[in-house]
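Feature list (source: TrEMBL):
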COMPBIAS  524-533  compositional bias 'Basic and acidic residues'
COMPBIAS  630-640  compositional bias 'Polar residues'
DOMAIN    12-206  domain 'Poly(A) polymerase nucleotidyltransferase'
DOMAIN    211-355  domain 'Poly(A) polymerase central'
DOMAIN    359-415  domain 'Poly(A) polymerase RNA-binding'
DOMAIN    419-492  domain 'Poly(A) polymerase RNA-binding'
Amino acid sequence: MVTSEAPTKLYGVTKPLSMAGPTEVDLQRTRELEKFLVQAELYESKEEAAKREEVLGRIEQVVRGWVKQLTRLRGYTDQMVEDANAVIFTFGSYRLGVHGPGADIDTLCIGPSYVNREEDFFFVLYNILAEMEEVTELQPVPDAYVPLMKFKFDGISIDLLYASISVLVVPKDLDISDMSVLYNVDEPTVRGLNGCRVADQVLKLVPNVEHFRTTLRCLKFWAKRRGIYSNVTGFLGGVNWALLVAQICQLFPNAVPSMLVSRFFRVYTQWHWPNPVMLCAIEEHELGFPVWHPRKNPRDRTHLMPIITPSYPCMNSSYNVSISTRRVMMEQFQYGNKICEEIELNNTQWNALFKPYLFFESYRNYLQIDIVGADDDDLRAWKGWVESRLRQLTLMIERDTYGKLQCHPYPYEYVDTTKPCAHCAFFMGLQRKSGEKVQEGQQFDIRRAVDEFILSVKMYRFWKPGMEINVSHIRRRQIPLFVFPGGCKQPRNLKPTPFDQSGKLSDGIDGASQTGSGGKHLKREKDPYGGNSEEYRLEKRQCPQRPDLVALEIDSGRLLECASSAQGGMSTISSEGTDQKIQHLQNSEGRSFSDSSVVTCASYEDVGIQSESAACGSEENNRSDDGSMEGSNNPASSRSDSFDVDSEFCSDNAHVEGDGVFQDALQEKLEVLNLSSLTFYISFSSLCLAVKIYLLVSLSIPLFAFSSNL
């Protein structure tokens, strides 16, 4: 008698890859992982959880009073005023149950059809909240993809969205999963409602909610430590990570968290993007909202890493991902996979997986985006707007360099407390695409991209005086000290471990792909910042910051700089040598540089971006990583006032900032030059003497004879 096997339960659109359950070793690793997450303080206390519930209740009271006030102002009956209502729903990490201490609460306010977003929400409710003592850091973001207000209520961070549905009275027991809430609403409202609908659907589609939550909490923490947790800058946000983890839970329904984390990296390092991640089949509806469908919608074919939401209308939640950010994430997935393989072999522990990514040691060239406001409130609003546009800068650079210059926007901000005004800065790593052939004279010209980015940022409709932005190029050794813990730059690891990102891991972030030869690579490893030990000691005593306003152009790895004013119309910089360059460029090109951005033209060699910089009034060595000279501010050591564009030094009125190491090397060259000159002079003098003797001897005979005849 043949017995048929029970059909495998289908949790997603495909069958599970494995139905295997955990072994005792897997259970032990899961306990160790959970213990690590607790020690990392990823779980909030009971007191904080109770306070969150209290805050949500008070916000709901505020919005109900707000709706009743508007109902009365619009002339509705007393009964309508009494029945008027608004409800608060949560979504995101709080709704999924994976939030940690200090995390914000994503909330959605649903109100009646006669209460709109533009005036009632962003004006009337804003003023109500602004007058409350409990509310601080209130910031409206009406231009976001999903318009919202950000604020803190009694110390709890809140992101508040608004959705107006087509009913006069919002029921207290509103079922948000019902399709009727989508009738006669605009697309921003649909996107707001979908936040809650997606969270509910995800929890329904995973086999084990607790295993899903533990795994998601772990991977969100990992993504933040590795610098790839940010939807706004082109990486993945909370909903994206939730959908990726839910897919793994569907593929391995009986696995425990330690297994799911390992399978996560194993699956997504081999995932053939742009094949989409989908938890359920995409459905269409008579409501007619657009859904993700690459066959019907040409725009959907351009998405690089589609992660599809499971509720109608199904959309790609990761449309922000670019070529550069996907590359960075795939490298990090490979890193995570290697660590998990070591954990399974008992060669390392869970803490190795969560080592922070050493961003400021991974690239040789960076863009620094400085953001300044008149005060903290202005800076908060201005920074939010600029941060939302950083993704566009990545896309513009990719466009203008045909994808050959890769960008790594870092999603964290840094503050220079020494500045007299409110300030923060973002950074972006730059490197040539791995495998690109270096051709002499070819350049990465990103001036147009930077100018276009600055122009788009200045379109901010809430701009106020004092809101300024400066984009500048810096080398690794010029990274400002305020980005490092304690304001002190630490030496890089001279002997990188197989999983040390500051070393040359197989992801190629800062390895042979960035060095011209093995010799250069070995030389770079002798010194943390690419020079010799004496240069390193000198650099430690200097401030590694760059001039506020520097524009540069490079050919064949050499540098040409110009400067621009933050206010526009005047080119200013502290370095006398750079002033001369500006004047020459203005005279030769018939124009002035009057933007607050860096105008950068980079060559293929060494990513084509090199910099010379004088910071805090100090002179800094500007030797390239291969030890070649890039100019000098010392007129005595200047080789020439100008050089031909095709010569070794591509610079106009080139100057190099000298230091002891440079002077020693220059002195050696001069000694060799003087010795050669002396040898040549002696030889030439001897030849002249011989010629003179010959002429005297040869001419004296006829003269003497002629005289004798006289």
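Glycine residues also receive a Cβ, built from the backbone N, Cα and C atoms like all the rest.
The DSSP breakdown of the domain 'Poly(A) polymerase central' (211-355), given as helix, strand and coil counts, is 73 helix, 6 strand, 66 coil. Per-residue pLDDT, averaged along the domain 'Poly(A) polymerase central' (211-355), amounts to 95 for this model.
With DSSP classes pooled into helix, strand and coil, the tally for the domain 'Poly(A) polymerase RNA-binding' (419-492) is 20 helix, 22 strand, 32 coil.
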